[in-house]
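Structure record follows, encoded as structure tokens.
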Amino acid sequence: MSAATIINAVNLQFSRLAPLVVFIFGVPGNIFNILIFIRPNLIKNPCSTYFFCSSLANLNVLFFGLIPRSLADGFGIDPVSNNLAFCRFRYFMVHPSVVLSSWFTILAGIDRYCISSRDVHRRQLSNLKYSRYISAITAFIGFAIYSHLLGLFVMQQLKTGPYCYALVGPYRVFYDFFYFATFSFTPPIIMIILGLLTYHNVRQTRSHIVPVVTNNTNAGQLKRRDRQLLKMTCLQFICVIILTLPIAVQKLYSTFTQNDVKGTTQVAIESFITILLRVFVYINASTSFYV
């Protein structure tokens with residue numbers, strides 16, 4: 001039995017089992033997130049608005065991204081590559097949602113940075129009205145900037161069969177760089193900057209007792225909350241960069257090597273890596289509740 005045959009066999013079993021596990025944990029996790037953030041004591045918190053929107057985006061990723069991809073990779077049932085309209089609709093739902101999930105997390109971080117500031121005017125930027133407007137505008141922009149794929153994603157005939165993706169040529173190179181920039185390059189950079197700025201705010205609150213919300217919570221509790229949020233921000237940043245950066249790099253590699261002659265073993269290895277990295281993206285859409 002050749003190495004390529006063994007790798008393909010492992011690939012097939014992994015494609016069947018891994019997405020199922022991610023789906024079982026991811027969908028309930030995001031539903032629990034939504035139920036938590038619409039509770040009366042949280043629904044009026046601006047940060048909850050961003051986490052609520054992020055959970056909705058994650059559900060989009062799991063239903064429109066994970067399920068069709070799992071059927072195609074694990075069971076040979078590919079509804080995407082057999083219907084151009086559904087292919088374009090699926091990518092239009094998945095890619096903007098993947099991007100928006102990260103950007104809603106960034107907005108939540110910005111809100112926490114503002115609320116932890118000693119500057120009263122900066123703290124006032126954290127309010128429910130602003131968060132709802134910003135969420136709606138962000139969602140509109142996220143889908144609008146990806147609307148070009150509705151006309152420029154096409155069916156292509158590969159050795160393995162029909163495949164739906166960005167039009168070969170300059171547009172594919174542009175799209176992969178665009179996806180890389182909006183999904184797995186810019187968000188992690190902004191997250192680490194926010195983490196550092198929030199850390200600076202927390203350091204200030206340790207040396208100056210300043211109330212950051214107009215309620216009866218004492219200074220010690222506020223410090224503890226700030227420290228928890230700082231840890232959560234850093235952990236979320238680590239999860240995002242580990243789980244999302246590799247797939248963007250892989251897409252760039254795939255685009256630049258699409259015309260190279262590759263052996264069967266190399267093709268099998270690259271196929272397994274691609275499926276593994278896709279699962280990473282779906283894990284990223286499934287872990288926020290557990291984090």
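Using N, Cα and C of the backbone, Cβ positions are placed for all residues, glycine too.
Feature annotation from TrEMBL assigns domain 'G-protein coupled receptors family 1 profile' to 29-291.
Outside the transmembrane segment (17-38) by six or more residues, the chain places 48-49, 51-52, 54-56, 58-59, 62-63, 66-67, 69-70, 73-74, 279, 282-283, 285-290 with a CB less than 8 A from a CB of the stretch. Annotation comment: TrEMBL describes 17-38 (among others) as transmembrane segment.
Per TrEMBL, transmembrane segment is recorded for 50-71 (among others).
Under the heading transmembrane segment, TrEMBL lists 91-110 (among others).
As annotated by TrEMBL, transmembrane segment applies to 130-149 (among others).
The feature transmembrane segment is assigned by TrEMBL to 177-199 (among others).
As annotated by TrEMBL, transmembrane segment applies to 229-249 (among others). Long-range contacts of the transmembrane segment (229-249) within the same chain, counting only residues at least 6 positions beyond its ends with a Cβ under 8 Å from a Cβ of the stretch, are 98, 102, 105, 109, 112, 116, 176, 179-180, 183-185, 187-188, 191-192, 194-195, 198-199, 202, 277-278, 280-281, 283-284, 287-288, 291.
Residues annotated as transmembrane segment in TrEMBL: 269-290 (among others).
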The transmembrane segment (50-71) in contact with the transmembrane segment (269-290), cutoff 8 A, at least 3 CB pairs, sep 6+: yes
Intrachain residues whose Cβ lies under 8 Å of the transmembrane segment (177-199), provided they are six or more past its termini: 95, 98-99, 102-103, 105-106, 109-110, 112-113, 116, 145, 226, 229-230, 233-234, 236-237, 240-241, 244-245, 247-249, 251-252
Six or more residues out from either end of the transmembrane segment (269-290), which same-chain residues have a Cβ under 8 Å from its Cβ atoms? 7-8, 10-11, 14-15, 18-19, 22-23, 25-27, 29-30, 32-33, 51, 54-55, 57-58, 61-62, 65-66, 69, 73, 98, 101, 105, 236, 239-240, 242-244, 246-247, 250, 254, 262
